[in-house]
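K.L.:
For reference, the structure I am asking about is given below.
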2 protein chains.
Amino acid sequence: METKSENACFGGVQGVYTHASKATGTDMTFGLFLPAEARDGPVPVLWYLSGLTCTHENAMTKAGAQGWAAEQGIALVFPDTSPRGEDVADDEAFDMGQGAGFYVDATQDPWAKHFQMRSYVTEELPALIGAEFALDMERQAITGHSMGGHGALTLAMSLPGRFRSVSAFSPICNPSASDWGRKQLSAYLGDDDAVHAAHDASRLMAERGFDGPMLLDTGTNDQFLDLLMPETLAEAAAKRRQQSILRLQPGYDHSYFFVSSFMEDHVTFHAEALYAG
Amino acid sequence: METKSENACFGGVQGVYTHASKATGTDMTFGLFLPAEARDGPVPVLWYLSGLTCTHENAMTKAGAQGWAAEQGIALVFPDTSPRGEDVADDEAFDMGQGAGFYVDATQDPWAKHFQMRSYVTEELPALIGAEFALDMERQAITGHSMGGHGALTLAMSLPGRFRSVSAFSPICNPSASDWGRKQLSAYLGDDDAVHAAHDASRLMAERGFDGPMLLDTGTNDQFLDLLMPETLAEAAAKRRQQSILRLQPGYDHSYFFVSSFMEDHVTFHAEALYAG
């Protein structure tokens, strides 16, 4: 693992690190914020999964999360959204291929060789950071934005016991029924609808739900609302009686101005779960 | 108008008053909390509509709202849930007739003669209290519990411009599709589904929504969840992109222990809307 940069930040350290990934067969870069408390011992971990076109860097620089994480004594992990490189398959569309891994393990050519983002984010990277940094991997929570909201929700529901709480900003809620999802899931995983269902937050909610608290924020002026389909997840969560807070925020759009506006709420929400019991 | 009681309460006055109602053709009793600020001039008004079997008194004594209203300088109105008396039609069921007016103007016998609760709550009582007390009727908001949540939501959506904000605790969300609603709406209003739709929060949400903020709380252990159907309103609100906060609160039931636990949030929510602009 190579340290790309480390910057003092809200009393802690915002680092960027690169390592050779077995899961993706490429070098992978991630951001990690460690609060001051990590100097004295392991701290809880909040994962932030980013959206389409993003790298590890977008949220790290624009989401305004570090200040609130510092206040709560929580670490933040910012993984990349796909494998990258000249030898890695890609697509002309901004929403396919590099920058658009959708947090699944691809089974179809040409994607299967490198696009193993689920294994990377849920197995390889946790093992690495748990070994290298002062992190309490028994206390993890997860959030994300847009495609990363999809990632946070689907990983949280499909890995019971892993995450104590889940939240999302403007998540893709029903990818198997949306142009943000159908194309990508078919390309990465094939056309079996049962396979798509396992990576669809609304359908996972209907099927199994999440054993913990859930917080969702979406802007009423989000320019991608018809692709996000918050109504399907809202219905499924209410029908299941899922412990949840579902908010439609008036006037906000899909940008990081929106994400940063509500970041305090999300970090505080996760801190309550991470420090309980 | 006759004063039944007035009690010092959180620096203000909790009163109970009776008057002869033209709308219902009966005497009607209501509770009114006036904060200290009402001594100096008109204060904003938050209506609280109660649920099945309740009178004006239940919320007044068990919801714990006065302390928060006092902190915000807001008046609280607690109407009764139906006309009452030996000459007034009734039903053996707890959820029909007296104590179960559903906030509609009945058109069917034997109910039409006295069960005019919509006119009472939206016309006669506002005119009366606006004339008799230091209330700023340009600043009104509305909340309620169960059947009263149904009332708050349907009145707010069907009277655009009247209420600046609306909230509800465990509201009946889809009465035209529920055993808490179908029977009553048919008895009071006849069997025309289009008429029922005008008194159904989920269908009003789909049809027109609410021009302002909305807050809903329902307990995940509510014993009446299948009758309340929060999922229909959650879906409709999300589909419309209604400015809203929809919460499922883990472990809470349908009781006033639930209502009182979240009353601070609701009063604060309404205060923000009432004092804006």
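Yeah, the Cβs are placed from backbone N, Cα and C, and that goes for glycine too.
Straight from TrEMBL, here's the annotation block:
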ACT_SITE  B:Ser146  active site, charge relay system
ACT_SITE  B:Asp222  active site, charge relay system
ACT_SITE  B:His254  active site, charge relay system
K.L.:
About how far apart, in whole Å, are the alpha carbons (Cα) of B:Ser146 (active site, charge relay system) and B:His254 (active site, charge relay system)?
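P.N.:
Each residue's Cα considered, B:Ser146 (active site, charge relay system) and B:His254 (active site, charge relay system) end up 8 Å apart.
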K.L.:
So if I measure Cβ to Cβ from B:His254 (active site, charge relay system) and keep only same-chain residues at least 6 apart in sequence, which ones fall under 8 Å?
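P.N.:
B:Ser146, B:Ser170, B:Gly219, B:Asp222, B:Gln223, B:Phe224 - these are the non-local Cβ neighbours of B:His254 (active site, charge relay system), listed in sequence order.
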K.L.:
10 Å Cβ neighbour count around B:Ser146 (active site, charge relay system)?
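P.N.:
There are 25 such Cβ atoms around B:Ser146 (active site, charge relay system).
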K.L.:
With every protein chain in view, what's the tally of Cβ atoms within 10 Å of the Cβ of B:Asp222 (active site, charge relay system), excluding that atom itself?
P.N.:
22
